[in-house]
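Trainee: A single structure is presented below for examination.
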Amino acid sequence: RQGIGEPSVYHAVVVIFLEFFAWGLLTTPMLTVLHQTFPQHTFLMNGLIHGVKGLLSFLSAPLIGALSDVWGRKSFLLLTVFFTCAPIPLMKISPWWYFAVISMSGVFAVTFSVIFAYVADITQEHERSTAYGLVSATFAASLVTSPAIGAYLSQAYGDTLVVVLASGVALLDIGFILLAVPESLPEEMRPVSWGAPISWEQADPFASLRKVGQDSTVLLICITVFLSYLPEAGQYSSFFLYLRQVIGFSSETVAAFIGVVGILSILAQTVVLGILMRSIGNKNTILLGLGFQILQLAWYGFGSQPWMMWAAGAVAAMSSITFPAISAMVSRNADPDQQGVVQGMITGIRGLCNGLGPALYGFVFYLFHVELNEMAEVETLGKASRPNMANPTDESSIIPGPPFLFGACSVLLSLLVALFIPEHNLALRSGSHKKHSNGAQTHTHSPQAGGSDGKEPLLEDSSV
(Lines of atoms letter the chains of each structure in order from A; the text may use other names.)
(Lines give C-alpha, C1' and ligand atoms only; values in the text may rest on other atoms or scores of the structure.)
Protein backbone atom coordinates (compact mmCIF):
# COMPACT_ATOMS: atom_id res chain seq x y z
CA ARG A 1 0.00 0.00 0.00
CA GLN A 2 1.11 3.57 -0.60
CA GLY A 3 1.29 5.57 2.58
CA ILE A 4 2.55 4.92 6.10
CA GLY A 5 1.35 1.75 7.78
CA GLU A 6 -2.07 0.20 7.49
CA PRO A 7 -5.12 2.45 7.01
CA SER A 8 -6.49 3.56 10.37
CA VAL A 9 -8.93 5.98 11.92
CA TYR A 10 -5.94 8.11 12.92
CA HIS A 11 -5.15 8.86 9.28
CA ALA A 12 -8.69 10.20 8.86
CA VAL A 13 -8.42 12.15 12.10
CA VAL A 14 -5.26 13.98 11.01
CA VAL A 15 -6.76 14.91 7.64
CA ILE A 16 -9.87 16.41 9.26
CA PHE A 17 -7.88 18.17 11.97
CA LEU A 18 -5.50 19.95 9.60
CA GLU A 19 -8.22 21.02 7.16
CA PHE A 20 -10.44 22.65 9.77
CA PHE A 21 -7.52 23.97 11.82
CA ALA A 22 -6.53 25.99 8.75
CA TRP A 23 -10.05 27.41 8.43
CA GLY A 24 -10.30 28.03 12.19
CA LEU A 25 -7.26 30.30 12.05
CA LEU A 26 -9.19 32.55 9.67
CA THR A 27 -12.21 33.12 11.96
CA THR A 28 -11.23 36.66 12.98
CA PRO A 29 -9.74 37.80 9.63
CA MET A 30 -12.79 36.45 7.80
CA LEU A 31 -15.19 38.59 9.85
CA THR A 32 -13.11 41.66 9.00
CA VAL A 33 -12.90 40.85 5.29
CA LEU A 34 -16.61 40.04 5.16
CA HIS A 35 -17.49 43.42 6.65
CA GLN A 36 -15.08 45.32 4.39
CA THR A 37 -16.30 43.58 1.24
CA PHE A 38 -20.02 43.74 2.02
CA PRO A 39 -20.62 46.71 4.35
CA GLN A 40 -24.34 46.64 3.53
CA HIS A 41 -26.58 43.61 4.21
CA THR A 42 -23.61 41.63 5.56
CA PHE A 43 -25.69 38.81 7.06
CA LEU A 44 -27.64 38.44 3.82
CA MET A 45 -24.52 38.31 1.60
CA ASN A 46 -22.83 35.90 4.00
CA GLY A 47 -25.87 33.63 3.77
CA LEU A 48 -25.94 33.76 -0.03
CA ILE A 49 -22.22 32.92 -0.36
CA HIS A 50 -22.50 29.90 1.93
CA GLY A 51 -25.80 29.04 0.28
CA VAL A 52 -24.26 28.68 -3.17
CA LYS A 53 -21.42 26.61 -1.69
CA GLY A 54 -23.86 24.30 0.08
CA LEU A 55 -26.07 23.77 -2.96
CA LEU A 56 -23.05 22.84 -5.09
CA SER A 57 -21.97 20.42 -2.36
CA PHE A 58 -25.41 18.84 -2.47
CA LEU A 59 -25.21 18.40 -6.24
CA SER A 60 -21.73 16.83 -6.21
CA ALA A 61 -21.73 14.68 -3.05
CA PRO A 62 -23.42 11.54 -4.51
CA LEU A 63 -21.07 11.46 -7.52
CA ILE A 64 -17.94 11.84 -5.40
CA GLY A 65 -19.19 9.22 -2.95
CA ALA A 66 -19.95 6.75 -5.74
CA LEU A 67 -16.62 7.38 -7.49
CA SER A 68 -14.76 6.79 -4.23
CA ASP A 69 -16.48 3.39 -3.98
CA VAL A 70 -14.90 2.50 -7.31
CA TRP A 71 -11.59 4.31 -7.53
CA GLY A 72 -10.66 4.41 -3.86
CA ARG A 73 -10.77 6.98 -1.09
CA LYS A 74 -7.28 8.48 -1.18
CA SER A 75 -7.53 10.29 -4.50
CA PHE A 76 -10.85 11.84 -3.51
CA LEU A 77 -9.54 12.87 -0.11
CA LEU A 78 -6.79 14.71 -1.96
CA LEU A 79 -9.27 16.30 -4.35
CA THR A 80 -11.75 17.44 -1.70
CA VAL A 81 -9.13 18.86 0.68
CA PHE A 82 -7.28 20.70 -2.12
CA PHE A 83 -10.36 22.46 -3.48
CA THR A 84 -11.86 23.13 -0.04
CA CYS A 85 -8.66 24.93 1.01
CA ALA A 86 -8.01 26.62 -2.35
CA PRO A 87 -9.75 29.91 -1.40
CA ILE A 88 -7.53 30.53 1.66
CA PRO A 89 -4.62 32.41 -0.02
CA LEU A 90 -7.08 34.58 -1.96
CA MET A 91 -8.33 36.26 1.22
CA LYS A 92 -5.50 38.81 1.06
CA ILE A 93 -4.91 38.69 -2.70
CA SER A 94 -8.46 39.53 -3.78
CA PRO A 95 -11.44 39.39 -1.37
CA TRP A 96 -13.96 39.28 -4.23
CA TRP A 97 -12.20 36.29 -5.77
CA TYR A 98 -11.94 34.78 -2.30
CA PHE A 99 -15.71 34.78 -1.80
CA ALA A 100 -16.30 33.68 -5.40
CA VAL A 101 -13.96 30.69 -5.04
CA ILE A 102 -15.52 29.79 -1.67
CA SER A 103 -18.87 29.54 -3.43
CA MET A 104 -17.45 27.44 -6.27
CA SER A 105 -15.43 25.19 -3.91
CA GLY A 106 -18.72 23.66 -2.78
CA VAL A 107 -18.40 21.25 -5.71
CA PHE A 108 -15.66 19.44 -3.76
CA ALA A 109 -16.50 20.47 -0.18
CA VAL A 110 -17.56 16.96 0.83
CA THR A 111 -14.52 15.78 2.77
CA PHE A 112 -16.66 14.32 5.55
CA SER A 113 -18.48 11.91 3.22
CA VAL A 114 -15.17 10.48 1.97
CA ILE A 115 -13.74 10.39 5.50
CA PHE A 116 -16.75 8.52 6.88
CA ALA A 117 -16.54 6.03 4.00
CA TYR A 118 -12.79 5.64 4.74
CA VAL A 119 -13.57 4.87 8.38
CA ALA A 120 -16.31 2.43 7.40
CA ASP A 121 -13.80 0.50 5.23
CA ILE A 122 -11.48 -0.18 8.15
CA THR A 123 -13.79 -0.65 11.14
CA GLN A 124 -16.29 -3.26 12.17
CA GLU A 125 -19.85 -2.32 13.00
CA HIS A 126 -19.51 -2.33 16.77
CA GLU A 127 -16.51 0.02 16.50
CA ARG A 128 -18.03 2.46 14.05
CA SER A 129 -20.00 4.75 16.34
CA THR A 130 -16.89 5.30 18.46
CA ALA A 131 -14.80 5.94 15.33
CA TYR A 132 -17.30 8.44 13.94
CA GLY A 133 -17.44 10.15 17.31
CA LEU A 134 -13.64 10.44 17.26
CA VAL A 135 -13.72 12.01 13.79
CA SER A 136 -16.42 14.49 14.79
CA ALA A 137 -14.59 15.26 18.02
CA THR A 138 -11.45 15.95 16.01
CA PHE A 139 -13.40 18.45 13.95
CA ALA A 140 -14.34 20.17 17.22
CA ALA A 141 -10.76 19.89 18.51
CA SER A 142 -9.42 21.63 15.41
CA LEU A 143 -11.59 24.61 16.32
CA VAL A 144 -10.63 24.69 20.01
CA THR A 145 -7.34 26.54 19.69
CA SER A 146 -7.12 27.74 16.09
CA PRO A 147 -9.53 30.73 16.36
CA ALA A 148 -7.73 31.93 19.50
CA ILE A 149 -4.35 31.54 17.81
CA GLY A 150 -5.66 33.31 14.71
CA ALA A 151 -7.14 36.18 16.77
CA TYR A 152 -3.87 36.65 18.69
CA LEU A 153 -1.67 36.57 15.59
CA SER A 154 -4.05 38.89 13.75
CA GLN A 155 -3.91 41.45 16.54
CA ALA A 156 -0.16 41.17 17.06
CA TYR A 157 1.15 40.75 13.50
CA GLY A 158 -1.76 41.43 11.15
CA ASP A 159 -4.10 39.34 9.04
CA THR A 160 -1.51 38.60 6.34
CA LEU A 161 0.52 36.36 8.63
CA VAL A 162 -2.61 34.45 9.64
CA VAL A 163 -3.54 33.82 5.99
CA VAL A 164 0.01 32.64 5.22
CA LEU A 165 -0.03 30.28 8.22
CA ALA A 166 -3.45 28.88 7.26
CA SER A 167 -2.21 28.30 3.70
CA GLY A 168 0.81 26.46 5.09
CA VAL A 169 -1.39 24.19 7.25
CA ALA A 170 -3.56 23.42 4.20
CA LEU A 171 -0.46 22.48 2.17
CA LEU A 172 0.69 20.27 5.07
CA ASP A 173 -2.66 18.47 4.94
CA ILE A 174 -2.33 17.87 1.19
CA GLY A 175 1.22 16.58 1.68
CA PHE A 176 0.06 14.27 4.47
CA ILE A 177 -2.59 12.72 2.20
CA LEU A 178 -0.11 12.27 -0.63
CA LEU A 179 2.67 10.71 1.44
CA ALA A 180 1.16 9.20 4.58
CA VAL A 181 -2.46 8.16 3.98
CA PRO A 182 -2.83 4.57 2.66
CA GLU A 183 -5.79 3.50 0.53
CA SER A 184 -8.55 1.96 2.64
CA LEU A 185 -10.72 0.37 -0.04
CA PRO A 186 -9.63 -3.27 -0.56
CA GLU A 187 -8.42 -4.23 -4.03
CA GLU A 188 -11.06 -6.92 -4.43
CA MET A 189 -13.78 -4.31 -4.04
CA ARG A 190 -12.43 -2.16 -6.86
CA PRO A 191 -13.07 -2.93 -10.52
CA VAL A 192 -10.29 -4.18 -12.78
CA SER A 193 -10.24 -1.07 -14.93
CA TRP A 194 -10.95 2.61 -14.37
CA GLY A 195 -13.78 2.38 -16.86
CA ALA A 196 -16.02 1.47 -13.94
CA PRO A 197 -19.79 1.46 -14.27
CA ILE A 198 -20.92 4.72 -12.66
CA SER A 199 -24.52 5.21 -13.62
CA TRP A 200 -26.21 8.57 -14.03
CA GLU A 201 -28.50 7.60 -11.16
CA GLN A 202 -25.51 7.47 -8.81
CA ALA A 203 -24.33 10.91 -9.93
CA ASP A 204 -27.74 12.57 -9.86
CA PRO A 205 -28.45 13.94 -6.34
CA PHE A 206 -32.18 14.05 -7.00
CA ALA A 207 -32.14 10.42 -8.12
CA SER A 208 -30.31 9.72 -4.88
CA LEU A 209 -33.12 11.40 -2.97
CA ARG A 210 -35.68 9.35 -4.89
CA LYS A 211 -33.73 6.24 -3.93
CA VAL A 212 -34.01 7.30 -0.31
CA GLY A 213 -37.78 7.11 -0.57
CA GLN A 214 -37.65 3.40 -1.49
CA ASP A 215 -36.47 2.49 2.00
CA SER A 216 -38.68 3.71 4.82
CA THR A 217 -35.94 3.68 7.45
CA VAL A 218 -33.49 5.64 5.30
CA LEU A 219 -36.26 8.11 4.50
CA LEU A 220 -36.93 8.74 8.19
CA ILE A 221 -33.22 9.13 8.90
CA CYS A 222 -32.74 11.55 6.00
CA ILE A 223 -35.73 13.69 7.04
CA THR A 224 -34.29 13.77 10.55
CA VAL A 225 -30.92 14.89 9.19
CA PHE A 226 -32.49 17.57 7.00
CA LEU A 227 -34.70 19.12 9.68
CA SER A 228 -31.98 19.08 12.34
CA TYR A 229 -29.06 20.20 10.19
CA LEU A 230 -30.92 23.01 8.38
CA PRO A 231 -30.78 25.35 11.41
CA GLU A 232 -27.33 24.09 12.37
CA ALA A 233 -25.94 25.04 8.96
CA GLY A 234 -27.50 28.49 9.18
CA GLN A 235 -26.10 28.91 12.67
CA TYR A 236 -22.57 27.93 11.63
CA SER A 237 -22.56 30.48 8.82
CA SER A 238 -23.59 33.48 10.90
CA PHE A 239 -23.17 32.77 14.61
CA PHE A 240 -19.68 34.21 15.15
CA LEU A 241 -20.73 37.36 13.31
CA TYR A 242 -23.89 37.38 15.47
CA LEU A 243 -21.83 37.16 18.67
CA ARG A 244 -19.65 40.07 17.58
CA GLN A 245 -22.46 42.30 16.35
CA VAL A 246 -25.59 41.48 18.35
CA ILE A 247 -24.25 40.31 21.71
CA GLY A 248 -21.15 42.56 21.64
CA PHE A 249 -18.42 39.91 22.03
CA SER A 250 -14.86 40.99 21.25
CA SER A 251 -12.79 38.91 18.83
CA GLU A 252 -10.87 37.45 21.80
CA THR A 253 -14.12 36.48 23.53
CA VAL A 254 -15.42 34.84 20.36
CA ALA A 255 -12.20 32.80 20.16
CA ALA A 256 -12.54 31.80 23.82
CA PHE A 257 -16.18 30.84 23.27
CA ILE A 258 -15.21 28.59 20.34
CA GLY A 259 -12.46 27.01 22.44
CA VAL A 260 -14.67 26.23 25.44
CA VAL A 261 -17.55 24.87 23.35
CA GLY A 262 -15.05 22.86 21.30
CA ILE A 263 -13.56 21.21 24.39
CA LEU A 264 -17.01 20.34 25.69
CA SER A 265 -17.94 18.95 22.24
CA ILE A 266 -14.88 16.72 22.28
CA LEU A 267 -15.90 15.29 25.64
CA ALA A 268 -19.48 14.85 24.45
CA GLN A 269 -18.51 13.06 21.21
CA THR A 270 -15.97 10.73 22.80
CA VAL A 271 -16.74 9.95 26.44
CA VAL A 272 -20.45 10.83 26.62
CA LEU A 273 -21.36 9.41 23.19
CA GLY A 274 -19.80 6.04 23.96
CA ILE A 275 -21.56 5.81 27.34
CA LEU A 276 -24.93 6.78 25.86
CA MET A 277 -24.67 4.36 22.93
CA ARG A 278 -23.98 1.47 25.31
CA SER A 279 -26.53 2.43 27.96
CA ILE A 280 -29.58 3.82 26.12
CA GLY A 281 -28.97 2.67 22.54
CA ASN A 282 -28.47 4.34 19.17
CA LYS A 283 -31.94 5.76 18.66
CA ASN A 284 -32.30 7.21 22.16
CA THR A 285 -28.89 8.85 21.79
CA ILE A 286 -30.14 10.59 18.62
CA LEU A 287 -33.31 11.72 20.40
CA LEU A 288 -31.34 13.08 23.36
CA GLY A 289 -29.01 15.02 21.05
CA LEU A 290 -32.00 16.56 19.25
CA GLY A 291 -33.51 17.56 22.59
CA PHE A 292 -30.32 19.38 23.55
CA GLN A 293 -30.32 21.11 20.15
CA ILE A 294 -33.87 22.42 20.66
CA LEU A 295 -32.91 23.86 24.05
CA GLN A 296 -29.74 25.40 22.65
CA LEU A 297 -31.48 27.14 19.72
CA ALA A 298 -34.32 28.46 21.89
CA TRP A 299 -31.76 29.88 24.31
CA TYR A 300 -29.85 31.56 21.48
CA GLY A 301 -33.11 33.00 20.15
CA PHE A 302 -34.25 34.57 23.42
CA GLY A 303 -30.82 35.21 24.93
CA SER A 304 -29.62 38.80 24.99
CA GLN A 305 -26.80 38.65 27.55
CA PRO A 306 -23.30 37.16 27.18
CA TRP A 307 -23.81 34.66 30.03
CA MET A 308 -26.83 33.25 28.19
CA MET A 309 -24.67 32.58 25.15
CA TRP A 310 -22.11 30.77 27.28
CA ALA A 311 -24.79 28.61 28.91
CA ALA A 312 -26.38 27.81 25.54
CA GLY A 313 -22.93 26.96 24.17
CA ALA A 314 -22.54 24.25 26.82
CA VAL A 315 -25.88 22.78 25.72
CA ALA A 316 -24.75 23.04 22.06
CA ALA A 317 -21.76 20.84 22.88
CA MET A 318 -24.08 18.09 24.08
CA SER A 319 -26.18 18.36 20.92
CA SER A 320 -23.10 17.51 18.85
CA ILE A 321 -23.61 13.79 19.59
CA THR A 322 -26.52 13.61 17.12
CA PHE A 323 -24.75 13.33 13.78
CA PRO A 324 -22.12 10.70 14.76
CA ALA A 325 -24.96 8.57 16.17
CA ILE A 326 -26.97 8.93 12.93
CA SER A 327 -23.91 8.13 10.78
CA ALA A 328 -23.23 5.00 12.82
CA MET A 329 -26.84 3.85 12.46
CA VAL A 330 -26.74 4.24 8.68
CA SER A 331 -23.28 2.81 8.06
CA ARG A 332 -23.68 -0.39 10.04
CA ASN A 333 -26.68 -1.33 7.91
CA ALA A 334 -25.19 -0.52 4.51
CA ASP A 335 -23.13 -2.89 2.40
CA PRO A 336 -19.36 -2.33 2.46
CA ASP A 337 -19.34 -1.45 -1.25
CA GLN A 338 -22.19 1.04 -0.70
CA GLN A 339 -20.61 3.03 2.14
CA GLY A 340 -19.52 5.90 -0.11
CA VAL A 341 -22.96 6.12 -1.72
CA VAL A 342 -24.80 6.09 1.60
CA GLN A 343 -22.49 8.54 3.33
CA GLY A 344 -22.50 10.68 0.18
CA MET A 345 -26.29 10.72 0.32
CA ILE A 346 -26.34 11.86 3.94
CA THR A 347 -23.60 14.40 3.25
CA GLY A 348 -25.55 15.55 0.20
CA ILE A 349 -28.56 16.28 2.39
CA ARG A 350 -26.27 18.18 4.73
CA GLY A 351 -24.95 19.98 1.67
CA LEU A 352 -28.48 20.95 0.69
CA CYS A 353 -28.92 22.27 4.23
CA ASN A 354 -25.61 24.12 3.91
CA GLY A 355 -27.18 25.89 0.96
CA LEU A 356 -30.65 26.53 2.32
CA GLY A 357 -29.75 27.15 5.99
CA PRO A 358 -27.35 30.11 5.60
CA ALA A 359 -29.53 31.72 2.93
CA LEU A 360 -32.59 31.30 5.14
CA TYR A 361 -30.84 32.71 8.22
CA GLY A 362 -29.47 35.64 6.21
CA PHE A 363 -32.92 36.37 4.83
CA VAL A 364 -34.58 36.23 8.27
CA PHE A 365 -31.90 38.53 9.72
CA TYR A 366 -32.56 40.86 6.79
CA LEU A 367 -36.33 40.78 7.40
CA PHE A 368 -35.80 41.71 11.04
CA HIS A 369 -33.33 44.49 10.12
CA VAL A 370 -30.32 42.93 11.81
CA GLU A 371 -27.48 44.72 10.05
CA LEU A 372 -23.77 45.07 10.66
CA ASN A 373 -22.63 48.39 12.08
CA GLU A 374 -19.03 49.52 12.10
CA MET A 375 -16.84 46.82 13.66
CA ALA A 376 -14.89 49.51 15.54
CA GLU A 377 -18.09 50.63 17.26
CA VAL A 378 -18.71 47.10 18.49
CA GLU A 379 -15.21 46.89 19.93
CA THR A 380 -15.54 50.15 21.87
CA LEU A 381 -18.97 49.46 23.34
CA GLY A 382 -19.44 47.45 26.50
CA LYS A 383 -20.33 43.80 26.26
CA ALA A 384 -23.75 44.38 27.82
CA SER A 385 -24.79 46.79 25.09
CA ARG A 386 -26.27 45.42 21.92
CA PRO A 387 -25.82 47.70 18.86
CA ASN A 388 -27.59 45.10 16.83
CA MET A 389 -30.43 46.79 15.00
CA ALA A 390 -30.15 49.32 12.23
CA ASN A 391 -33.88 49.92 12.75
CA PRO A 392 -34.67 48.82 16.30
CA THR A 393 -38.13 47.40 16.90
CA ASP A 394 -39.98 46.24 19.98
CA GLU A 395 -39.62 42.66 18.79
CA SER A 396 -35.82 42.95 18.81
CA SER A 397 -35.75 43.44 22.56
CA ILE A 398 -37.91 40.36 23.09
CA ILE A 399 -36.43 38.07 20.43
CA PRO A 400 -32.85 39.13 19.58
CA GLY A 401 -32.28 36.12 17.30
CA PRO A 402 -35.41 35.27 15.28
CA PRO A 403 -33.68 32.68 13.02
CA PHE A 404 -32.68 30.60 16.04
CA LEU A 405 -36.30 30.25 17.13
CA PHE A 406 -37.20 29.08 13.64
CA GLY A 407 -34.38 26.55 13.99
CA ALA A 408 -35.76 25.28 17.30
CA CYS A 409 -39.13 24.60 15.64
CA SER A 410 -37.40 22.75 12.78
CA VAL A 411 -35.47 20.51 15.21
CA LEU A 412 -38.68 19.81 17.13
CA LEU A 413 -40.16 18.41 13.90
CA SER A 414 -36.95 16.40 13.43
CA LEU A 415 -37.37 14.92 16.90
CA LEU A 416 -40.93 13.85 16.11
CA VAL A 417 -39.76 12.14 12.89
CA ALA A 418 -36.86 10.41 14.68
CA LEU A 419 -39.31 8.80 17.10
CA PHE A 420 -40.45 6.52 14.25
CA ILE A 421 -36.96 5.20 13.35
CA PRO A 422 -37.03 1.44 14.16
CA GLU A 423 -33.89 1.03 16.22
CA HIS A 424 -34.49 -2.52 17.45
CA ASN A 425 -34.91 -4.00 13.98
CA LEU A 426 -31.76 -2.25 12.87
CA ALA A 427 -29.85 -3.63 15.82
CA LEU A 428 -31.01 -7.17 15.09
CA ARG A 429 -30.05 -6.87 11.45
CA SER A 430 -26.63 -5.50 12.22
CA GLY A 431 -26.01 -8.49 14.45
CA SER A 432 -27.41 -11.23 12.25
CA HIS A 433 -26.92 -10.11 8.66
CA LYS A 434 -23.93 -7.80 8.57
CA LYS A 435 -20.98 -9.40 10.33
CA HIS A 436 -17.84 -8.69 8.34
CA SER A 437 -14.20 -7.93 8.85
CA ASN A 438 -12.84 -4.59 7.67
CA GLY A 439 -15.60 -4.30 5.09
CA ALA A 440 -13.91 -6.63 2.63
CA GLN A 441 -16.45 -9.44 2.28
CA THR A 442 -19.54 -9.46 0.14
CA HIS A 443 -22.99 -10.23 1.47
CA THR A 444 -26.15 -11.78 0.20
CA HIS A 445 -29.26 -9.67 0.51
CA SER A 446 -32.56 -10.92 1.70
CA PRO A 447 -35.34 -10.34 -0.78
CA GLN A 448 -37.44 -7.28 -0.12
CA ALA A 449 -41.15 -7.05 -0.24
CA GLY A 450 -42.21 -3.83 -1.82
CA GLY A 451 -39.13 -3.45 -4.07
CA SER A 452 -41.27 -2.67 -7.05
CA ASP A 453 -38.46 -1.91 -9.47
CA GLY A 454 -36.10 -4.60 -8.22
CA LYS A 455 -33.55 -2.13 -6.83
CA GLU A 456 -31.65 -3.09 -3.70
CA PRO A 457 -32.52 -0.98 -0.68
CA LEU A 458 -29.61 0.77 1.00
CA LEU A 459 -30.48 -0.68 4.38
CA GLU A 460 -31.34 -4.34 4.70
CA ASP A 461 -34.85 -5.44 5.69
CA SER A 462 -35.82 -1.99 6.92
CA SER A 463 -39.47 -2.74 6.21
CA VAL A 464 -39.51 -5.67 8.64
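Note: Cβ is positioned from N, Cα and C throughout, glycine not excepted.
Quantities reported herein were computed from a predicted structural model and do not represent experimental measurements.
These came from TrEMBL, pasted as-is:
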- 438-449: compositional bias 'Polar residues' (COMPBIAS)
- 8-425: domain 'Major facilitator superfamily (MFS) profile' (DOMAIN)
- 431-464: region 'Disordered' (REGION)
- 12-31: transmembrane segment (TRANSMEM)
- 43-64: transmembrane segment (TRANSMEM)
- 76-91: transmembrane segment (TRANSMEM)
- 97-119: transmembrane segment (TRANSMEM)
- 131-154: transmembrane segment (TRANSMEM)
- 160-181: transmembrane segment (TRANSMEM)
- 218-242: transmembrane segment (TRANSMEM)
- 254-277: transmembrane segment (TRANSMEM)
- 284-302: transmembrane segment (TRANSMEM)
- 308-330: transmembrane segment (TRANSMEM)
- 351-368: transmembrane segment (TRANSMEM)
- 404-421: transmembrane segment (TRANSMEM)
Trainee: Sequence gap of 6 or more, Cβ distance under 8 Å, 3 or more pairs: do the transmembrane segment (218-242) and the transmembrane segment (43-64) meet that?
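Mentor: Checked: the transmembrane segment (218-242) vs the transmembrane segment (43-64), in contact.
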Trainee: Given the transmembrane segment (43-64), which of the listed stretches 12-31, 131-154, 160-181, 351-368 has the most Cβ pairs that are under 8 Å apart from it?
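Mentor: Per the Cβ under 8 Å count, 351-368.
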Trainee: Of the stretches 97-119, 131-154, 254-277, 284-302, 308-330, which racks up the most C-beta pairs under 8 Å with the transmembrane segment (12-31)?
Mentor: 131-154
Trainee: At a C-beta cut-off of under 8 Å, are there same-chain residues at least 6 beyond the transmembrane segment (284-302) that contact it? List them, or none.
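Mentor: Same-chain contacts beyond the flanks: 224, 228, 231-232, 235, 239, 273, 276-277, 308-309, 311-313, 315-316, 318-322, 325-326, 329, 398-405, 407-408, 411-412, 414-415, 418-419, 421, 423.
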